[in-house]
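Chemist: I grabbed these lines from TrEMBL:
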- 6-259: domain 'G-protein coupled receptors family 2 profile 2' (DOMAIN)
- 12-31: transmembrane segment (TRANSMEM)
- 43-66: transmembrane segment (TRANSMEM)
- 72-96: transmembrane segment (TRANSMEM)
- 108-127: transmembrane segment (TRANSMEM)
- 147-166: transmembrane segment (TRANSMEM)
- 204-221: transmembrane segment (TRANSMEM)
- 233-257: transmembrane segment (TRANSMEM)
Amino acid sequence: LRDRILTSVNSVASSFSLLGSGFIVLCYLLFKELRKFSFKLVFYLALSDMLCSFFNIIGDPSIGFFCYAQGYTTHFFCVASFLWTTVIAFTLHRTVVRHKTDVEDLEAMFHLYVWGTSVVMTIIRSIGNDHRLGAWCWSQTGRTGKAVHFITFYAPLWGAILYNGFSYFQVIRMLNNATRMAVGMSDRAYHLDARPDMKALNRWGYYPLILIGSWTFGTINRIHDFIEPGHKIFWLSLLDVGTAALMGLFNSIAYGLNSSVRRAIRERLDLVPETIRPWLPNSRIRHQQESELVSL
């Protein structure tokens with residue numbers, strides 16, 4: 001019964017992430033005005049999340065081949081997902097703090113870094129490989145397999161969290177200082193106009209919390225399972241599966257649904273005939289200046 005509950009929670013949460021990240025991928029493919037370098041990075045993030053969620057749903061522990069396929073593909077695309085967040089953080093840091101304008105020239109290096117690291121981590125995790133955990137196939141049994149799984153996923157994950165937090169802290173501090181100087185040399189009207197920008201900048205500080213919220217319970221659960229393999233805590237496993245599977249949804253909302261996407265959607269809704277418009281959600285999204293990757 002517990003395995004069925006965990007499987008259901010995993011499927012439902014992964015489905016939400018699949019829909020959210022798939023929506024961002026679809027927006028990138030449909031709206032040409034979004035095909036800028038900054039949003040291209042968000043597209044790669046959403047694509048990784050979408051595939052991670054997809055393979056997280058289709059695994060079947062009762063079928064050996066599909067279980068192994070899910071274990072490797074889920075590991076690969078989930079690693080790629082949090083690595084793309086480090087690329088976005090690096091791009092912001094390099095642009096804002098270091099005042100470099102060559103980030104587009106580094107796209108090939110970004111791909112090599114993300115996909116290459118994901119491949120290496122996925123290959124290494126085959127050591128002590130044994131994909132059997134009742135409800136899903138991604139985690140491993142055996143002390144060696146659990147240790148390798150932690151080294152090849154959770155260790156680089158928390159390294160990415162620390163890097164993202166440090167990068168966003170420096171970016172926000174730099175822009176806060178610049179805005180304070182500008183406000184000090186301007187009038188009160190400029191100060192009022194800057195408030196929406198500052199609100200958007202401070203929101204970047206929450207981006208590292210997505211990974212923390214998605215994987216904290218999973219990390220605790222892996223450590224506990226390594227120390228006491230014969231004693232599983234159901235509520236901890238439930239939180240582990242549910243929050244980890246929602247990572248794609250959280251990323252799509254935080255990174256993908258920015259002002260550029262909302263503007264593109266609003267412009268399409270404005271083309272809808274008046275007779276149909278009352279049946280659609282309110283397309284009058286409040287206009288506000290938001291600092292985002294595109295503006296940088």
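Cβ atoms are placed via backbone N, Cα and C, with glycine included.
Please treat TrEMBL annotations as automatic predictions, because they have not gone through curation.
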Chemist: Mind checking which residues of the chain, 6+ beyond the ends of the transmembrane segment (12-31), have their Cβ under 8 Å from one of its Cβ atoms?
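Modeler: Sequence-remote neighbours of the transmembrane segment (12-31) are 39-40, 42-43, 46-47, 49-50, 52-54, 56-57, 241-243, 245-249, 251-253, 255-257, 261, 264-265.
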Chemist: Over the domain 'G-protein coupled receptors family 2 profile 2' (6-259), what is the model's mean pLDDT?
Modeler: 83
Chemist: Given the transmembrane segment (147-166), which of the listed stretches 72-96, 204-221, 233-257 has the most Cβ pairs that are under 8 Å apart from it?
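Modeler: The listed stretch sharing the most Cβ pairs with the transmembrane segment (147-166) is 72-96.
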